[in-house]
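Quick look at what Swiss-Prot lists:
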ACT_SITE  72  active site
ACT_SITE  135  active site
ACT_SITE  139  active site
COMPBIAS  262-279  compositional bias 'Low complexity'
DISULFID  24-43  disulfide bond
DISULFID  32-79  disulfide bond
DISULFID  42-150  disulfide bond
DISULFID  87-142  disulfide bond
DISULFID  214-249  disulfide bond
CARBOHYD  291  N-linked glycosylation site
REGION    259-279  region 'Disordered'
SIGNAL    1-17  signal peptide
């Protein structure tokens, strides 16, 4: 028998869905499509019409249950590439996350959601609330169909609660760990898998090609699911589409380490590309932000310098002859014909050197600022190898 709380939660969800079903027409257009009435910003996600749901496999240090991936976030990409972030400061919540429990539990009475967030939406450094606040401020404020103006009877913080509820509801529909295990892909300190095996296992359940990210040990690190969406995101009419990002994983030899296992006896080292039997640490992390010495800001996913917003997470993989290859969500990172650091799906894998926490290319560890695009807080500046004629700095790794 359903508990009183369960019945109440079901009624709330039903009323909310009915409210938005009546607000948005049945023939609401699909995001990234020009068919239908695309003028209603409360019933059409635009221009960020590609919806991503992303999950982590944090095995060392371990985060979340041993038999589950954990939540990263929901966010939207532009249909033409790139993504919005921190779209409306007036909608942001306290960056420490100090108000989230009060919103979810005290204001909206959803202790179950809050408990599940603490179980499955975990920060690797243990600061869950700050992580959740960051994700809402960066991504939740960019979902135009979640804007308070779209609610017929808006209650304060309702969009915040709905964002966290939507994230967890979609997570429940994407049991990545169970899908992999059912296909014979199980956490192991010795077994490896092919990219085709992993992609096929997930595609057979999801219905479209999924993005797989690997760390520098060639171990599964993250999984991204891509959608278009019909109508308001609150209606949850998600339409799976193939990934628009290029994997950084090898075609074979991909590892799926059990959580809590360092993998030191079986995983490839980050510095030499060889196998170690010890537990000694290596100097290049699996993932990192890239900062500029003496400057605020950091590099974003296309390789440009940005003074506001959030730093991109870069992945570091063993290259040839002890070098390191770098990737971002945009693809491989390399040096273009103008000696600029760049990352894209069309960039070839490039060998960099990482020494003392700094990044170099062909022995040159000095970098300079180049051309600027945009203006003000949205300005992006290219970063290029120093030729000795400019004020140089180092590109350094940071967590």
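Glycine residues also receive a Cβ, built from the backbone N, Cα and C atoms like all the rest.
Shown on the structure are the features that Swiss-Prot records.
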residue: 32; record: disulfide bond; Cβ neighbours (10 Å): 20
residue: 42; record: disulfide bond; Cβ neighbours (10 Å): 20
residue: 43; record: disulfide bond; Cβ neighbours (10 Å): 22
residue: 72; record: active site; Cβ neighbours (10 Å): 21
residue: 79; record: disulfide bond; Cβ neighbours (10 Å): 17
residue: 139; record: active site; Cβ neighbours (10 Å): 24
residue: 142; record: disulfide bond; Cβ neighbours (10 Å): 21
residue: 150; record: disulfide bond; Cβ neighbours (10 Å): 21
residue: 214; record: disulfide bond; Cβ neighbours (10 Å): 24
residue: 249; record: disulfide bond; Cβ neighbours (10 Å): 25
Separation of alpha carbons, residue 72 (active site) and residue 32 (disulfide bond) (Å): 24
Among 24, 87 [disulfide-bonded residues], residue with fewest other Cβ within 10 Å: 87
Neighbour count (Cβ, 10 Å) for residue 135 (active site): 22
Residues satisfying Cβ distance under 8 Å from residue 291 (N-linked glycosylation site), sequence separation of at least 6: 297, 298, 299, 311, 395, 396, 397, 398
Structural state of residue 42 (disulfide bond), classified by DSSP into three states: coil
DSSP-derived class (H/G/I helix, E/B strand, else coil) of residue 32 (disulfide bond): coil
Residue 150 (disulfide bond): nearby recorded positions from 43, 135, 139, 142, 214, 249, Cα cut-off 10 Å: 43
